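Visitor: From TrEMBL, here are the annotated features:
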ACT_SITE  101  active site, nucleophile
ACT_SITE  105  active site, proton donor
DOMAIN    4-215  domain 'GH16'
CARBOHYD  109  N-linked glycosylation site
SIGNAL    1-21  signal peptide
Ligand SMILES: *[C@@H]1O[C@H](CO)[C@@H](O)[C@H](O)[C@H]1NC(C)=O
Ligand SMILES: *[C@@H]1O[C@H](CO)[C@@H](O)[C@H](O)[C@H]1NC(C)=O
């Protein structure tokens, strides 16, 4: 992720936050601007935040606190209209070359064509675990909730209470798992038109700029309960539905890239 550099420079102090329940914290108290303050707006007394991309710059923000485990949620409304070539990333990340990182990346598209949600898991500096889905709604017309439940046993990527990905702690199989490094929460919008839309074929049409992604209702991370089973049966069937109907890429099934699937692919639900 290109934007790690920006945030890495600016996150100087590692302050481990006490994890407690608060609802809908003001974004201007939880976050600070990491990139292009003149492209970032706080609205409604800090209850809403807008990130802008135009032909001059993208923009980004990061949390002041870092967290080791937790249940994190943000509501996001993505770039409306023609968003081809834009990438909006919402992710957790630690610092340094052995960083852990949990990514949501929204790859824009031409008006009417589907946005892709790409997720990725980095552990101990290594990613290459992409999954891609289409969403079952237009993510640019309303706010939807994107969240991560992260504990010692598993990581769940959630979209509006629907699990879209599970990454189990498979340390026993030799798979590194993010469990030692605290992570900050980041977001940015940037020009990804070299790869994002139809593999880079569709470029940004700057006549549609500025491109704006909106954020609200950040839930200060709460302790994520750590049962052995990540999903209830009802959640499991929702995940199966997402995989069957909306998944368009899974690194686990990419035989060219991984002739032998990585070990976690056997056990992730
Ligand atoms: C950037 O966009 C502005 C507003 O549309 C336009 O006036 C300007 O010429 C553009 N600059 C470049 C370098 O394309
Ligand atoms: C954009 O739309 C095209 C055509 O429907 C589709 O193939 C592609 O997966 C969509 N998403 C992106 C990010 O390219």
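Cβ atoms here come from the backbone N, Cα and C positions, even for glycine.
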Visitor: If one looks at the chain holding residue 109 (N-linked glycosylation site), which residues at least 6 apart in sequence have a CB under 8 angstroms from its CB?
Guide: 83, 84, 115, 116, 197, 202
Visitor: Provide the three-state secondary structure of residue 101 (active site, nucleophile) computed with DSSP.
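Guide: Its secondary structure by DSSP: strand.
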Visitor: If you average the pLDDT over the domain 'GH16' (4-215), what number do you get?
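Guide: A mean pLDDT of 91 is what the model gives the domain 'GH16' (4-215).
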